[in-house]
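To start, the structure under review is shown below, and the notes come after it.
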Amino acid sequence: MAKRVWKLQDFVAHSGRVQCARLGEKSGQVLATGGDDKRVNIWKVGKANAMMSLTGHTSAVECLVFDKQEEVLIVGCGGGSMQCWNLEYRKMAGSLAGHRNACTCVEWFHPYGEFFASGSNDTNLKIWDLRRKSCIQTYPGHSAAISSIRFSPHGRWVASGGLDNQVKIWDLTAGKQMKDLDLHKAAVTSLAFHPKEYLLVSGSADRTVILWSLESFTSVGLSTAGMTAVQAVKFYPEDQAWELGIISSFFSSTFPSRVLGHPIAYAMAPVAVVDKSSRPSLSQGEVEVILKQAGIEENSPDAFHGRGGISMVVAVAVFSSLAGLLMGLDIGYIAGVKTMDSFSEGLLHEEKIKDTQDSLITMIFGVGAAVAAFPPVMDCCVSKLGRKGAVIFGGLVFCLGAALQALAPQPKDPKDPKAINMAMMLLGRIIAGFSVGLLSGNAPVYTSEIAPPALRGALVTGFQFAITVGIMIAFLLALVLEDVEKPYGGWRWVIAAQIVPGIMLVIGGIFMPGSPRYLVQQGKPRQALRCLLLLRSEDVREELAEICQEHEMDSTTKGTWVEFCSGDNCALVRLGGGNAFMYDGPLIFDKLFGNEHAGRLFTLVSGVVNIFATIPGLFLVDKCGRTVLMKWSAVGMMFCSGVLASIGDLCFEDDIGTCGPWAKWTATLAICGFILNFAYGCWTMKGEAGAGWGGMAWVYCAEMFPQKHRTKGVAATTDANWVGNILIAFLPPLMFANWGFNTFWVFVGTNCLCLFCAMSLPETKDKSLEEITLMFNHWFHPG
């Protein structure tokens, strides 16, 4: 591992993105940088300003290399030409043309200083004589662009690595290929010969480093570097170890116009040091090659310039969040409807609802959702309909379920069987539940896949905000319509009102763009490009290339269920107790105040608290981070559950308040505090606030899985969510009937598990979905 790591200097280098950087090997103090502003800057380490600036290049600078004496610099450009600069006289000594496409790498032939090699997107490796200013040998053989070149120390061999995942070794004396080394599963990014010439090390975008024997030309060692692609490999002068990743900061997307120097001293053992802060940006040449391989070629750069922007992304996310509104309506209405006189008259012929019936009506909704979210079912629906199509289908199914519930027949005679009425009600509930399960497993994922990293947390949290709005609207409708009996019972109007947002979701879904990442996964990169153009205002080539590259890397490996079985934290969300107040709020407040109307009124108040507590989370999720908010949310819910359980033990043991009004109002504040922490959180000692488990679990689970697993993985976490929902719907009425307020001690325990889970998870804010995939790969497989 590293002994010392520090940032020595931050070079403000170019007006555009830095494409390449090279440190002179003679002094180790001279640095050259090239950028897409067609400029090369020469720096002296320790000096704030550039020593010289070399201009006159006709296209972006893609690669460069010093000679051994640091007197000559060879520059490769995006147009395929190369320029030779005399640094002593600060002038161009000549220009070489020979490649048909961008020159991607150049390397000096140190044993004989007048020769160098170049590689290109045209797949050719060329050897040049600088004195003659001409190409003396061309080696075709790669099927994709060449990304790295290295000469052997004795000067007889040259190795090349390419985007075709292959390492080729060429014999310069015989003028032909010697060996083809083919074990990497992604582009070969860097090569290095051992000083004694018996080993070759290669680094790749598949995050592996392979050590090759140059005697048997076989692999003698393989190491996984970490969560990001390997950018550079190099042997120590002492010959005892290799180092990799030192150059990764030169390609940081966080500082596109800067070069960060990171001198590192390593222990004398094989090490792998990788910049884990961000995914290295693709060069212009790599972007062109990746898009070409995906079948996307456009002559005009304007063809890749987005026509949308933030407003378009937000508008699409709002329509997608209607799925959360439907979920909130269906969660919230049942609490008020179950206590309405018109409901008892309409379905039970004025009989009071029994505890088992209460639990069954509440729980059956979760059963339908769990069936829809079961990974094979979800995967089948998404595979047949697509991400967008599944959202539209879910809206249609929801309308059907709501209609069946609202139209459940009312017995005209006391002797009519009530089972038929209840069966139709339960059928409608399970169909609506199936819809909500399908929507809750797709809508947050759809939003996460279309959103830019800086806004993804807030936009996905909008799904939870829509849930809270739906719950509050359902509470309000139940309060307003509780005394309506003719011509139809108020409970029917409460349910029928849900059809309106369901229709809105279906109509809006027709006009929403598809998910670019899902379309690439389905082999439709051109459709993905059209969707990105609708969602972005900037050039979309690099983003599309990164998506295509990630899909290509994913397709080389088989998925495992281990990667997404960690989503059980979603089940803890529901077992934490938040939905107990949504399903059985009137029952809890009735125990506190002894009045059914007061129960519905205070449930409405708690719904308002839920809405307004969620709003700060929309702004803080991308500032404070997901795991910080979940930790403080769990602590707050645990404290409030303990307060409720303690007051219940002391003052409401026999459903009769024995401690005076203060106990009722303290318990009410504890309930509101619980909901506040569920949706928003509590203020920490440092002044940070947290959006609670209500929204963060949706955000986190929609981010954590790689594209190839995302549908199955989110389905697994959503299914765990709904299994927890079933338990929290079925058990609390029975638990409150038998245990009273001691039920909240159970929630204290489950929130302890929530806290442990939040403390164990890595942070995902400010990372693209592709970077999160790499981060979790490192988290699951730290070696």
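Keep in mind that glycine also has a Cβ here, set from the backbone N, Cα and C atoms.
Note that TrEMBL annotation is computational and uncurated.
Here's what TrEMBL has on this protein:
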DOMAIN    316-766  domain 'Major facilitator superfamily (MFS) profile'
REPEAT    11-53  repeat 'WD'
REPEAT    54-95  repeat 'WD'
REPEAT    96-138  repeat 'WD'
REPEAT    139-180  repeat 'WD'
REPEAT    181-222  repeat 'WD'
TRANSMEM  310-337  transmembrane segment
TRANSMEM  358-378  transmembrane segment
TRANSMEM  390-408  transmembrane segment
TRANSMEM  420-439  transmembrane segment
TRANSMEM  459-481  transmembrane segment
TRANSMEM  493-512  transmembrane segment
TRANSMEM  601-621  transmembrane segment
TRANSMEM  628-647  transmembrane segment
TRANSMEM  662-683  transmembrane segment
TRANSMEM  720-737  transmembrane segment
Average pLDDT across the repeat 'WD' (54-95), rounded to a whole number:
88
Could you break down the residues of the repeat 'WD' (11-53) into DSSP helix, strand and coil, giving a count for each?
0 helix, 21 strand, 22 coil
Under an 8 Å Cβ to Cβ limit, what residues of the same chain, 6 or more beyond the ends of the repeat 'WD' (54-95), are close to it?
16, 19-20, 22, 24-27, 30, 32, 34-42, 101-108, 110, 113, 116, 118, 120, 122, 128, 130, 133, 283-285
By DSSP, how many residues in the repeat 'WD' (181-222) are helix, how many strand, and how many coil?
0 helix, 23 strand, 19 coil
Helix, strand and coil residues within the repeat 'WD' (54-95) as assigned by DSSP:
0 helix, 24 strand, 18 coil
